[in-house]
Every structure is written in structure tokens, then in C-alpha cells.
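Over in TrEMBL, the protein carries these features:
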type	residues	note
DOMAIN	17-133	domain 'Gfo/Idh/MocA-like oxidoreductase N-terminal'
BINDING	Val24, Gly25, Arg26, Ala27, Ser52, Arg53, Arg54, Ser85, Ser86, Ser87, His88, Tyr106	NADP(+) binding site
DOMAIN	141-251	domain 'Biliverdin reductase catalytic'
BINDING	His288, Cys289, Cys300	Zn(2+) binding site
Amino acid sequence: MSPPSCRHTWLQPERRFGVVVVGVGRAGSVRIRDLRNTHASSAYLNLIGFVSRRELGSADGVPQISLEDALSSQEVEVAYICSESSSHEDYIRQFLNAGKHVLVEYPMTLSWVAAKELWALAEQKGKVLHEEHVELLMEEFAFLKKEVVGKDLLKGSLLFTAGPLEEERFGFPAFSGISRLTWLVSLFGELSLVSATLEERKEDQYMKMTVCLETEHKSPLTWIEEKAPGLKRNRHLSFHFKSGSLENMPNVGVNKNIFLKDQNIFVQKLLGQFSEEELAAEKKRILHCLWLAGEIQKHCRSKK
């Protein structure tokens, strides 16, 4: 999808959509900040409150409301789901069934089957279901996209390192790391799984997932997620083309307002400004990534 700024002139809104934010962790707090500031897309949205399992009363002057009230309120037309990944599916289902539009942080669900069901439900209800992918709005990705276009890939690898994540809350590493998979699919097209292994040392909170993929032209791609206490968040990449190589990312600048850019896309969907073809292509990519993540999980778990 082309960047929102290139494709849209914001007009004075005729109406505002009432929004509730579910979960006030890092992503939820940024969402609330963007909704409260005077941005072009925020003018179409009216922040009504937030839902949290913790008793907070209010956050930055925004009132806490119960999940029941958010679901039943006529005023609430949109839910931003910013809770931990394991709860996404249940929240999306509840808000769609209540007739609300949904924006959800990735991964939308921890199962391809559930994602397909939820999309069918959104279509049946005539509601927008939007999965956030801020990694596609990063300066690094824009740089890579330009570098890769029109080149023949011989082989590539992407290694991501970070501190540990709880699988119960964030899903199997192929799901919690789905933004890396999304990069590879967005750069090189649909991929097939060759092999996947998981090395774990629970007592050290150490985990290393190694996934061998290949493109439709049979070029090999290796994706590795390595997590342990003290490991810095970092991406190491290496792509070899017939016409040369790309080793690691140059410093391409600060990622400014990526959640806001995502909100712009969501509001354009609410206003019906994306073509059926664009929406279908995005849905196909998201479902392909979720399906691959599920296959990787099966492969790793079958080795146990």
C-alpha cells in the first residue's frame, strides 16, 4: 500500500467515530497519545475511554470504562486492541459481534484458522478489521524495498536478537516475530517452508528459532530469532543478488510517528478509500504470514 500522505487529502470530517483503546501498555499508550493530539486522521476519531484489566480509573485524563460498557455503548464504534497477543482473538470476536470496527496490533491471532474466521465475521458484519504492521512503515523497510526492487535474489538471511518474551502472552516465536516474516514476504513474495528448528534452554531464558524458507524461484532465505537476557534488540540482514550484495542496514533515519501512519491507513479504510484489490492483497499477505508462522510452530514442536 502506498504511504497515506501520497494518496490522501484530509477533509473536514462530517462525523467522528467513537474509539475505545483496549490495553494501555506501550502500544496502547502511544495510540491514546495520537488520538488526543491534533493530527489529520485523529479529527475523524473521538477517544471515549480505555479498557484495562488493571484498575486505573483514568490515564492522562482519559476515563477507564468496563469491557461490557465498551461493547454495549452506541457511542463506541471502533476498538483499538492493544492487549497481549494471546487475548487478541477473543477481543476481536467480541467487538466484531458487537458491531464495532477493529484495529489490532500484530499478530492479529495466534492461529491462521482463527484469523480466517475473524475476517469472515468482519465481512459478514460489514466492519473494518485492520491488523497494524508498523514495521512496513519504517524508514528501514522503505530503504530495503527500494534496494530490492527488480533484483534477482540468490540467497538471504535475517537474524533478529532481543530479550526474552513470555510465550503464554505473546505466542510462539514465529508469531511474536511475525513482523520479520512480514518483511521477508513483502520484499520477496510468498515463501514456502523448508525446515524449522527451535533450541531452548528454559533455565537460562534462552531461545533460538532457525527457519529455512525459499522464494517461488527457489532462492533460500534463512530467518533466525534469538532471545536471551541481555541480548540487544537488533536486526542483522544479508541479501545476495546477481547484481551485488546488501549487508546490514545503513542508518536511514528515525522512525517518526509510525503508529500514527498506521492510524491514517485505518481511517482511510473506515472512509472507504482503499480499493477492493488493495484490501484483498493485504489480507492475502497477512494470512500467508500467519499460515507460515503456524507451519513453523508445527515443525518445531514435532521435533520435541
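In case you wondered, yes, glycine gets a Cβ from its N, Cα and C as well.
Taking a C-beta cut-off of under 8 Å and a sequence gap of six or more, Ser52 (NADP(+) binding site) has these contacts in its own chain: Val22, Gly23, Val24, Gln64. Cα distances from Arg26 (NADP(+) binding site) to the binding-site residues His288, Cys289, Cys300 are smallest for Cys289. When Cβ neighbours within 10 Å are tallied across all protein chains shown, the highest count among the binding-site residues Arg26, Arg54, His88, His288 belongs to His88. Note on proximity: among Arg54, Ser86, His88, the binding-site residues of the record, the Cα nearest Cys300 (Zn(2+) binding site) is that of Ser86.
Here Cys289 (Zn(2+) binding site) is positioned 32 angstrom away from Arg54 (NADP(+) binding site), judged by their C-alpha atoms.
The domain 'Gfo/Idh/MocA-like oxidoreductase N-terminal' (17-133) scores a mean pLDDT of 95 in the predicted structure. In this structure, the C-alpha atom of Ser86 (NADP(+) binding site) lies 17 angstrom from that of Cys289 (Zn(2+) binding site). Among the listed binding-site residues, namely Cys289, Cys300, the Cβ with the most fellow Cβ atoms inside 10 Å is that of Cys289.
Calculated from their C-alpha atoms, the gap between Cys289 (Zn(2+) binding site) and His88 (NADP(+) binding site) amounts to 17 Å. Of the recorded residues, His288 (Zn(2+) binding site) and His88 (NADP(+) binding site) place their C-alpha atoms 18 Å from one another.
Its own atom aside, the Cβ of Val24 (NADP(+) binding site) has 22 Cβ atoms within 10 angstroms in the protein chains shown.
Look at the domain 'Gfo/Idh/MocA-like oxidoreductase N-terminal' (17-133): DSSP puts its residues at 48 helix, 29 strand, 40 coil.
Maximum intra-site Cα distance, NADP(+) binding residues Val24, Gly25, Arg26, Ala27, Ser52, Arg53, Arg54, Ser85, Ser86, Ser87, His88, Tyr106: 22 Å.
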